[in-house]
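Take a look at the structure below.
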Amino acid sequence: MIEIDGSFGEGGGQILRTAVALSCVTGKAVRIRNIRANRPKPGLAAQHLKGIEAAKIISNAEVEGLRIGSTEIVFNPGSVRGGNFRVDIGTAGSVTLIFQTVLLPLLFADRDSTLTVTGGTDVAWAPPVDYFKNVTLRALREMGAECELEVLKRGYYPKGGGMVRLTVRPAEMKGVVYERIDEIVRGVSHCQNLPGHVAERQASSARNFLEERGIRAEIRTEVLKGLSTGSGIVLWSGYKGGSALGERGKRAEVVGQEAAESLYRELMSDAAFDAHLADQVMPFAAMARGRTEYTTSEVTMHQKSNAYVINTFLGKVVKFEGNKIIIK
């Protein structure tokens, strides 16, 4: 049985997600101790529970310790089965963090899958759904992943209610040496149950910030009605992204500029990937045939924690050379 220390490095939910995903794909049972030990509320939160439950269903796993607040679980997988699955997080828990747990196993399933997740599409401390769709999945398609993502409804904190459908076909993943891609900036500025000018002002502010620096941006707007109220903006170019969320009392212009500034910082780096993508791609590259290489704009503790889990499962397959990450 693989033993993982959940307090390693940043000690967050990413260790859990990567460990469960790799357990499903490799068929190796795993014990994860000290889950989220470095967080104010240690142990499993509702969101982690839902991700593990989904992985349990698709891999016919036996799981011990699956309850809120649990600081240790044992996950013993069977074989991964494709099919139609639904996950309702029940809160504004992030839909993309569920995908981080189950997308990798579904790429190695016995047949096509459709996964519909209800929860938060645009929430703090998680990749926005448009980033996952336009940056993460783009990088994974280069490896051979075949998946499509549809945003059916948006969900914001605290009510959630967003709905996203991910279609996955089993694929033979191959390593890629990624190069930086320079493209026009694209994006989406959205608001729900708010006046349409909120989305327009976010977009205009982001566009102006970038164009003042010689960067052209095409940003569409979405004005929606739904269960939850909120706004946000996501920008992307090649393998890099930037985003910001609206908050009560925060001017739309500030939201737009925050997103533009975060993308601009990434674009000023010579690296192929932004720091978040460098983290997210790692488990997929580890299970692909052949060698994957990319440079990251910043080496983070999140990446180091992910590498720790991968190397514990598979041997020393992830190496850092300065800001270059090599996976083979």
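Backbone N, Cα and C define each Cβ position, glycine as well.
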Annotated companion of H276, L277, A278, D279, Q280 at the ATP site, Swiss-Prot, chosen from Q100, Q192: Q100
D279 (ATP binding site) to H302 (active site, tele-AMP-histidine intermediate) - Cα separation in whole Å: 7
Cβ-centroid neighbours of ATP site Q100, H276, L277, A278, D279, Q280, 8 Å, sequence order: P127, T136, F273, D274, A275, V281, M282, H302, Q303
Greatest C-beta neighbour count within 10 angstroms, which of the recorded positions H276, H302: H276
Residues Q100, H276, L277, A278, D279, Q280 binding ATP per the record - widest CA separation, whole Å: 13
